[in-house]
Amino acid sequence: MNFLLSWVHWSLALLLYLHHAKWSQAAPMAGGEHKPHEVVKFMDVYQRSYCRPIETLVDIFQEYPDEIEYIFKPSCVPLMRCGGCCNDEGLECVPTEEFNITMQIMRIKPHQGQHIGEMSFLQHSKCECRPKKDRARQEKKSIRGKGKGQKRKRKKSRYKPWSVPCGPCSERRKHLFVQDPQTCKCSCKNTDSRCKARQLELNERTCRCDKPRR
């Protein structure tokens with residue numbers, strides 16, 4: 001079984017190689033409008049470089065980043081995507097019409113097998129040069145946000161009173177103590193007069209009303 005899968009894999013690889021070699025040889029004839037050492041006319045250069053759908057080789061993993069358990073054959077596919085120049089730094093080449101195309105791709109799962117399946121890819125059919133609105137808006141937002149943040153920080157630092165962090169008066173029975181935030185001095189909530197009214201006396205260490213010692 002493994003031998004058969006390997007044979008199929010190498011046969012497909014050979015067919016792909018022969019197909020690529022055939023088109024590589026035919027390409028100069030198909031696109032041979034210009035001869036060697038010939039000067040390409042301005043209008044031809046302008047039309048071919050302006051914003052338009054251009055065949056681009058796109059990595060499959062770029063379109064399907066979650067399919068990491070597979071190896072794809074081929075690893076990239078030819079897609080029509082917007083590209084070219086807009087002749088203005090404030091413009092960018094963006095798609096205005098799109099459609100999906102389905103292609104047969106070989107999926108290989110190492111040590112498990114392989115199969116040819118259908119995968120959908122996005123293609124651009126129409127492109128236009130449009131203002132970089134989103135990018136400019138984001139830049140303005142980030143600049144504006146930074147300024148507001150700095151103002152808030154300045155306001156906070158201007159009106160925030162200076163204070164020294166105080167340690168707790170006691171780990172146990174904190175509710176019996178009161179602390180001065182300026183001096184960090186701890187004092188008892190109970191008073192000596194309050195303890196005496198109950199025929200008790202104030203223990204300044206624990207801030208509790210204890211029985212008088214005899």
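Placement of Cβ uses the backbone N, Cα and C atoms for every residue, glycine included.
Annotation source Swiss-Prot lists compositional bias 'Basic and acidic residues' at 131-142.
Taken from Swiss-Prot, the feature compositional bias 'Basic residues' applies to 143-159.
Packing around C51 (disulfide bond) is summarised by its Cβ count: 19 other Cβ atoms lie within 10 angstroms of its Cβ, all protein chains included. The annotation disulfide bond is assigned in Swiss-Prot to C51-C93 (among others) on the grounds of similarity to another entry.
The disulfide bond annotation in Swiss-Prot covers C82-C127 (among others). Every protein chain considered, the tally of other Cβ atoms within 10 Å of the Cβ of C127 (disulfide bond) stands at 22.
Residues or ranges marked as disulfide bond by Swiss-Prot on the basis of similarity to another entry: C86-C129 (among others). Counting every protein chain shown, the Cβ of C86 (disulfide bond) has 18 other Cβ atoms within 10 Å.
The N-linked glycosylation site feature in Swiss-Prot is assigned to N100; the stated evidence is sequence analysis. Look at N100 (N-linked glycosylation site): DSSP puts it in a strand. Just so you know, the Cβ of N100 (N-linked glycosylation site) picks up 8 other Cβ atoms within 10 Å once every protein chain is counted.
According to Swiss-Prot, the region 'Disordered' annotation covers 131-162.
Residues or ranges marked as signal peptide by Swiss-Prot: 1-26.
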Which of these disulfide-bonded residues has the least crowded Cβ, counting other Cβ atoms within 10 Å: C82, C93, C129? C129
Between C51 (disulfide bond) and C86 (disulfide bond), find the distance joining the two CA atoms and give it rounded to the nearest Å. 6
If you measure C127 (disulfide bond) to C93 (disulfide bond) at Cα, how many Å is it? 6
Distance, C129 (disulfide bond) to N100 (N-linked glycosylation site) (CA atoms, angstrom): 22
